[in-house]
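Below: one structure, written as structure tokens.
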């Protein structure tokens, strides 16, 4: 069902960052469900984490540990270790301690990540039993396998890669992500890992991660349900033979920033393209807002409206539902006579009603496409925001009604 | 598909309030789609209207005119006259003027109401052509026919009636409503009409309407999409031989208030029971909040979560999704260790994780019911709020994907 999402692009290895995949049999025997990632000594690491108050045990632990030295990231699928209370925290600590013991690093340098069903006890022994196989499998060339290893209801693996040259040195940024449901990231997506061989000062890396996530992961929504397990990590190994990147690095900083943002955007949009039951990839663009918050309020009212999402699924240009969503978004003193609404470049509504030039045939032609932009011009100011989302299909209901069966 | 909603109960006539139904053939020839209601001279009338900024032309007009003397309410289904700009306003005025001409009242005493598809021009001539037949049909005994005449995607008509005695005089309160989708009323529901033969001072009637709507219509949600056309009207004809009711009327005021609130609640809940594709009637009760707003924020996060709604449809006690929704509701400094979550009286989660006493069999037994209460104890204070909603089924997607076809 994925919309405009093909096979993985070439994922260039990042010197100093290795990935190893193994099978712990958490949900099904033989399924690759454990991924270990090793960061070269001296790497700097930044992360953004869900703002859900019921955040999962691994999120609690990784949020603390990312402040110190990070050497390993340990990910399992099939079990979210969320809603598991104190025993869940102890379980996450045990799996990290085991990996630390096998590799001779401090336990605090291992960060855990989990995704899957909420509320079931983490099968610690199964995961521990798979760690040595994952370590034996470590390689800089395993990005594609890792992208598959972190999937849950995803139908396709998701990854992106960029390279640029600076002073004759090639710098690589490669990332992978997973997620298809319970997707309205708030500071990060379900799971995302992005690595570069640039050397980056920790403060700069943190800002790059925050800004990158805000423009990409934090602007996608599938069902409005912010997950308990959202995490996105940015690792800089420093293996590229270049000086440390700071905001004063000029062209190098700008090139790295662009590469990181591009990878963030591509893997974040890939999550929407593979959204549960998605048949459409929808860009909601809100322009002319008096401030950014009102643009976001309008954008999310449209992106979350079940009535608009079912009309998108049906390819029905039922633009009245778009007006209704804009009107209920809570923007103070909204003057509907100033608002224009477009499907791609077709003006469907202006001055509070149907655009005089609009014909149903024009609207139907746009709605028949797999990729659609809904553009709302508020006519109040100069702020803009863009959100990416999907439609609501029979398949979405089917997937989520049968998730645990 | 309606949940726990049977045939209409007895709807007692309200002396001084007549209803007439006719067919204008707006969407289909022969369909009863025009309802005229006549209020006896001297009636007082109060109304609450949608807060959607894109409110429909009839809402704009009725909001103004309810301030003056009201004699007729004119309702059509099949066309919402919303998103129609200035021509829509003129069209609503024309239908009212025609009814005023036929009955010899000022045009300003006729209030229009429309429901149906957004964005299409109101078929003024068709409606005008049906008015005399509706007037000829006027009778105090036509509540049931009117309840049917205002339906759109509703599968069943909705009404409720109460009577009480005061000083040997019988007082009646009868109401009807319609609505099944685009339902998250904000000051009123899609359409609701409640009449009593008590004599009520306008200020008191307005307060009764506001309070009644806030506790009933404003606490139901089907899809979170606040409509452009929500209106609820309360009419007091004064035909019962009793003194005018004020807040100082003691037992009479209390009895009337209870009867009005009961009718509001019954017809509001009937809208949820007949929600598009509904297979469950769900009460979301949030207790122990520090203030009412945070109770509502948690309640609506749960009631609007597509993941919880699909789990309800599947009768799957996937309580992790409830925790996740509570956690993302935006309550400041939420201490998850204080939260308990119940399905009916089964404690499913406590202290941030699964309740020690909980078994899947208990949860499954509750989820198999048609009527379910999700109770969330926040442990922060003494405030409570209750919201009523439905599940999200295949049928919901089908109805809304095919609405205009």
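Positions of Cβ are set from backbone N, Cα and C atoms, glycine also.
Given the structure is predicted, the values throughout are model-derived calculations rather than measurements.
Marked as substrate binding site by TrEMBL: B:152, B:178, B:189, B:276, B:400, B:405. Feature annotation from TrEMBL assigns active site, nucleophile to B:189.
Features per TrEMBL, on structure.
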residue: B:152; record: substrate binding site; Cβ neighbours (10 Å): 20
residue: B:178; record: substrate binding site; Cβ neighbours (10 Å): 27
residue: B:276; record: substrate binding site; Cβ neighbours (10 Å): 28
residue: B:400; record: substrate binding site; Cβ neighbours (10 Å): 28
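The DSSP secondary structure for residue B:276 (substrate binding site) is coil.
With an 8 Å limit on C-beta distances, the binding-site residues from B:152, B:178, B:276, B:400 that reach chain A are B:400. Under the DSSP three-state reduction, residue B:400 (substrate binding site) is assigned to helix. DSSP gives residue B:152 (substrate binding site) a coil state; it is part of no helix or strand.
The secondary structure of residue B:178 (substrate binding site), as reduced to three states from DSSP, is extended strand.
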